[in-house]
Amino acid sequence: MVGISDKCTEDIARERKKCSFSSTELTHFWDGGVELTKRRKLLENYFLSDPELKSSVPLEYLSHKEKYERSIKLSCLFFKKISNWLEHNDTISAMEVYQSVLGGSLGSAVLKDGFPFAVHYVMFIPTIIGQGTMAQQAHWISRAWNLEIMCTYAQTELGHGTFIRGLETTSTYDPDTEEFVLHSPTLTSYKWWPGGLGHTCNYAVVLAQLYTKGQCHGIHPFVVQLRDEETWMPLPGIKIGEIGCKLGFNTVNNGYLGFDHVRIPRDRLLMKNNKVLKDGTYVKSQNDKLTYGTMIFVRVIVVRGVAASNLAKAVTIATRYSAVRRQSELKPGEPEPQIMEFQTQQYKLFPAIATVFAIKSSATWLWDVYNSVTKDLDQGDLDKLPELHAMACCLKAISTSDANQMIETCRFACGGHGYMTSSNFPTIYSSLTAAVTYEGENTVLLLQTARYLVKAWSQRDVTSATITATLKYLSDFRPSDIYQPWSLTMSNLAEAFRLVAAGKIKYCSEHIDYLIQKGYTSEDAWNATSIQLTQIAEAHCRAFIVDTFVKETEVAVVSEPVRKVLVQLCELYSVYWLLKNVGDFLVYSHLKISDVDAVNERLAELLAAIRPNAVGIVDSFDFHDDILDSALGAYDGRVYERIFEAANKSPLNAEPVNESFHKYLKPFLKGQM
Ligand SMILES: CC(C)(COP(=O)(O)OP(=O)(O)OC[C@H]1O[C@@H](n2cnc3c(N)ncnc32)[C@H](O)[C@@H]1OP(=O)(O)O)[C@@H](O)C(=O)NCCC(=O)NCCSC(=O)CCCC(=O)O
Ligand SMILES: Cc1cc2nc3c(=O)[nH]c(=O)nc-3n(C[C@H](O)[C@H](O)[C@H](O)COP(=O)(O)OP(=O)(O)OC[C@H]3O[C@@H](n4cnc5c(N)ncnc54)[C@H](O)[C@@H]3O)c2cc1C
């Protein structure tokens, strides 16, 4: 074993030396500025140096019950520590602290399989802000923020997750007592999935069909107490439990919930948007989609906080590992190369690095638009809500599905060792892949964006004067644009993505019209076109991501060496996705068959150009080793020693002979069983 460690650390140190730019400068760009990097590190040091928050036994060796109990202990210590921090420091706002703990990667160093308190902060509090009156906000936010109560967001039911208009839980107003009566009429009406609902929370926002004066007004949010505040026993009429083991999220305590005629006061209906008066009169808001606001918020934060951040972790691990792992021969008789020398390996890693930066720049745009639209909504201006909804849907879907596929590719890039739990790929994958489904299943979200695009296509001439920036390419589109000459410049690549999106949107819209003319209902025509409809949402999203990434590389305040890296990554992202969908580009853009070889060559050139900087680029994500938590991806490159150390944490290695030998194996082998 002697010498292996030195060789690996030398390999990775050599990578860092040959880097053509300052990794620290790229870290500042990634964090959003020097000051933000400082603050992030301050928080990391504060939390990660605390021995109480570290666990000696890896999570995977605990039983399901032990995992839950440890998750509660660690969550309490962790959130106590956050309160202590906020009491004694005013340099970092509470919002920023919670964002880095729950929306960033810091929390995963403490509870890698998720927090049972997460939905309390990520969904319950935002729902009260978005849906509660001032009085309701004052009451519930202060109770929730001060952790007097633990809360969740209970929308999904056993029978319905996507189609929330089909939820079956009812909330019927009784004007005599001025109460709502919550009821679960069927098994499929049981709430199913909410994080922390099992045993952790005593309150929830419950989405239920509101009935008053014999009329159903659709789903509305109600704050409901589930457990006694002292004894934590479920209240009468509340049937509650945990939903059991899952692919991941096993410390999140996802739960189920049923109601047997549970009465709650009238003021538990969140009434910022819609109201029920004392006598049962229903007062409708100007837009019934405002009830869906919390979902938009979470989709917005998933893009960077979940998709980019998990993919960045995975590609850091795989890239560092590829710098120290040596295998096979490139030329006969020569020493085994670092596996990163293989072009196929570069093709697995570098597009994933480029995708992390691409997602990040779109996520920044989305966050800014979210904040501006939220302000408009508060002033009663709903004009920009459809664009925000459409972009949040497709960016959530594309970022999580890219990350999902690329994290798996990063795992494959690490061969057998990637399959070890100690690589941390299983946890990174299982927490990311949940985001493909939660907060709007990806196909469904793509179809929401497609609905917006088809509508925009039909209105593009009438609305061209007021068309939003993300749709301007539709009103600019001329079918003859596909006869322009092709060139391998970034502006031309971006144009090709826009042409593909516009061409496919045009085709889909015309196809739907054609089917309707043939006698299809509009719903059947929609369904019969829906494969292509998901593709137009993807094409629109890719064109948007490329445009946003290009603009970011142009305006970023960085040195020329860093800008060069960003430009290469931006071009790689574009070339990679063009070649993945080359058929579409041949049909809908000005790319011709005779141009494709040159694009393939450009891909190879870009991979080769990024190769010397690869470790430097992933270093710039600046993951603390405790956050990466990977035997393959630690900063020092000591891969083999760490794999060995992790194996020796297996409880089976605590004794030389396991008792099952005496009980079963021996009698079996001796023919005595
Ligand atoms: C799929 C739809 C959108 C369908 O709803 P619908 O009422 O049938 O709508 P439709 O007829 O297709 O469209 C009607 C219209 O509503 C618009 N719309 C739809 N959603 C929104 C929104 N959020 N904001 C603003 N507008 C929205 C649509 O664009 C349509 O507009 P239009 O009529 O075309 O002008 C909806 O039901 C939905 O969002 N389903 C997904 C459910 C979901 O996201 N659940 C999340 C549960 S919580 C969770 O998963 C937490 C995990 C967190 C964790 O653990 O970290
Ligand atoms: C880890 C995790 C945590 C969660 N946390 C919460 C939580 O805290 N609170 C909460 O309320 N919920 C939560 N959920 C539930 C989650 O939001 C739903 O699972 C999600 O919205 C998808 O709904 P579904 O499970 O009913 O899938 P379904 O809608 O049944 O989807 C199944 C299939 O049907 C397809 N499909 C459905 N409708 C359409 C359509 N209109 N057009 C085309 N295809 C369609 C989908 O594409 C998919 O392929 C969580 C889920 C997970 C996995």
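Just so you know, glycine gets a Cβ as well, placed from its N, Cα and C.
Features reported for this protein in TrEMBL:
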type	residues	note
ACT_SITE	Glu439	active site, proton acceptor
BINDING	Thr156, Gly195	FAD binding site
DOMAIN	23-149	domain 'Acyl-coenzyme A oxidase N-terminal'
DOMAIN	292-454	domain 'Acyl-CoA oxidase C-alpha1'
DOMAIN	490-670	domain 'Acyl-CoA oxidase C-terminal'
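Sequence-distant neighbours of Thr156 (FAD binding site) (same chain, six or more apart, CB under 8 Å from its CB) are Lys191, Trp192, Trp193, Pro194, listed in sequence order.
Cα to Cα, Glu439 (active site, proton acceptor) and Gly195 (FAD binding site) are separated by 12 Å.
DSSP assigns Gly195 (FAD binding site) to coil in the three-state reduction, outside any helix or strand. The Cβ neighbour count for Gly195 (FAD binding site), using a 10 Å radius and every protein chain shown, is 26. Note on the residue listed as 'active site, proton acceptor': other Cβ atoms within 10 Å of its Cβ, all shown chains, come to 24.
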